[in-house]
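Undergrad: Here it is, the structure in full.
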Amino acid sequence: MTAARLLFTKPWIWSFAATVIVWVVTVLFTGGASSLGLSQAALTFAAFSVIVGIGQMFVITLGPGNIDLSVPATMTLSGTLALKLMDVQDGMILVGLLTSILLGFAIGIGNYALIKLLRIPPIIATLSISFIVQSTAIWANRGLRIKPPEVLASFTTSSLFGIPNIAIVALILSVVAWVLLKKTIYGRWISAIGQSTFAARMTGIPVDGTRLVTYILCAVLASICGYLLASFSGGAALNMGSEYLLMSIAVVVIGGTAVAGGNSNIPGIWGASLFMFLVVSMLNTYGFGAGFRLILTGLIIIAVILVAGGRQSNR
Amino acid sequence: MKISSGTIRLIIPAASLALLLAAVFYMQPRAMSYTGLNLLFNLAVPIALATVAQMLIMAVNDLDLSMGAFVSFCACVTATFLQASPAIGVLIFLGAIAAYAVIGVVIHVRELPSIVVTLGMSFVWGGLAVLMLPSPGGEAPIWARWLMTSRPPFVPMAIVASIVIAAVTHFVIMRSSVGVLIRGIGGNVRSVERAGWSVIRIRAGTYALAGFFAVLSGITLVGLTTSADANIALRYTLLSIAGVILGGGEFVGGKVSPIGAVIGALTLTLAGSFLSFMRISPDWQIGAQGAILIVVLALRLFLNRLEKREKGR
């Protein structure tokens, strides 16, 4: 009884409950035939949202106003450059990954440099950077669509013991992020900064360094996600990141991370990512058109936040 | 002579706009004419209205991520219902404004993050727009077309409209008692509440007013483009936020400036025209827009520092 009560006080439980409901409703419609395929697809596509969501979560944890809008542009540029560099050669896979990570580093530093030097709100700083990054991607994307190296393509599309490889990668990254958040001094620092930047500065926490690292972390995760997504979908496209802007914010907040900062939640991101994918596929199975699908997606997001948000304010 | 801090807040965006305008005139002297100015600022009117709407939401410490989707929705309604049967069109708009008020109430009552609620609403508006106009089309109402293409003497329509918008919103937000209450909620909710005002009502009113300006933005946009599309104004979400910030507004604290917001919107519009005069390759157009945003904000920081040094003396 106490265990159940403890479970219900966890903010992430709601996103998982909603996920299970949507999964059951979808599978019921198809008579159970699609349960395995649906679960695998959900895990694969949720994994991409999880990877960018974790980065966004670290940034949002920093407190009000902290948000990274350069995520989609970073994903696009990273996917484009990495595939161009690897040029279908299997030997270049690691070099491509390394380039992506370095690119993420550079964009993260650029983001924070603008925030710090120009003292502009993160939302505008990351937006300006994302314009420049997007332009670079358009310029780099000229010419033919380059395929990913054979080994990398098969790695991203196959699965191990029925679990998609991408989901395993996302799981490993989540565990690392969880340890970082809950077990290291860095994780304590970002929570402290999110709860009160002033108090954090007074206690001697290196606020600027911590924020810099967080923005770099977010950009690096976005570039890794872009690298994987481009390999998974057989090439980079200029609009491949666009849906992940709203998605990365939505999964963080639906997952129970406080928008005001200082309180973050990794399991919730998984629940929310699975939920967001399953909602769309449920509406697809029921044969709704694009318009109705969008409307219902929006209403469901609001409904979830109404239920989950109410719980939070009661605590 | 003593200058109020509100005026100083305005000088910076105005200077940025003047500088950009000077650069455009230097590169293309022929732009210095009635037609030239009209072309330069043509698309500024809907952006300015959307920016004012966003500014209202930001005045109560919220952020509307559904602005672009909502303006697109309004544009679709204008090009279909408002054109074919004006009564139904007006009813839909009233419903949409009421919906905005409800969103404001829900956000307040349940203490929800506005970013997420409006994020959800952006899907809803987008879906409704797609239902109305699955493919680009529709037709502008004759009066909207007439309004946007009319040629008043001496000063182009776009500039007249911008001045009217700035003046009206300045009066409502900065001079009226309602405006003080709206900004008061952004500044200190508790003190407004303790003074005996109903915060729910003010917030609902603010959201409704924002919805109203966004509706006007959709109508004027269709007046310019003559047809609509479900994705026509999606970039307005980010443009409107950037416009408010460029105009000297803040994310929190109820510090907003209606005239600044309109100037910010004009600056952003001009930046687009500026780039086409520069003959920058289309690949780099978006990037250059980002660079201009950065330069303008750097300028603002520089002027802010200057101002502080003056004060220190």
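Using the three backbone atoms N, Cα and C, a Cβ is placed for every residue, glycine included.
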Undergrad: Tell me which of B:179-198, B:259-278 corresponds to the transmembrane segment entry in TrEMBL.
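TA: In TrEMBL, residues B:259-278 carry the label transmembrane segment.
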Undergrad: For the transmembrane segment (B:204-226), I need the partner stretch with the highest count of C-beta pairs below 8 angstroms, choosing only from B:7-27, B:39-58, B:259-278.
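TA: Ranked by Cβ pairs under 8 Å, first place goes to B:39-58.
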Undergrad: Using Cβ atoms and a strict cutoff of less than 8 Å, what residues sit near the transmembrane segment (B:259-278) while being 6 or more residues removed from its termini?
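TA: Contacts with the transmembrane segment (B:259-278): 9-10, 13-14, 16-17, 20-21, 23-24, 27-28, 31, 39-41, 43-44, 47-48, 50-52, 54-55, 162, 165-166, 169-170, 239-240, 242-249, 285, 288-289, 292-293, 296.
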Undergrad: Would you mind listing the long-range same-chain contacts of the transmembrane segment (B:154-173), meaning Cβ under 8 Å and 6+ residues beyond its ends?
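TA: Same-chain contacts beyond the ends: 34-35, 37-38, 41-42, 44-45, 48-49, 52, 55-56, 59, 148, 179, 182-183, 209, 213, 220, 256, 258-259, 261-263, 265-266.
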Undergrad: With pairs closer than 6 in sequence left out, are the transmembrane segment (B:114-134) and the transmembrane segment (B:88-107) joined by 3 or more CB pairs under 8 Å?
TA: yes
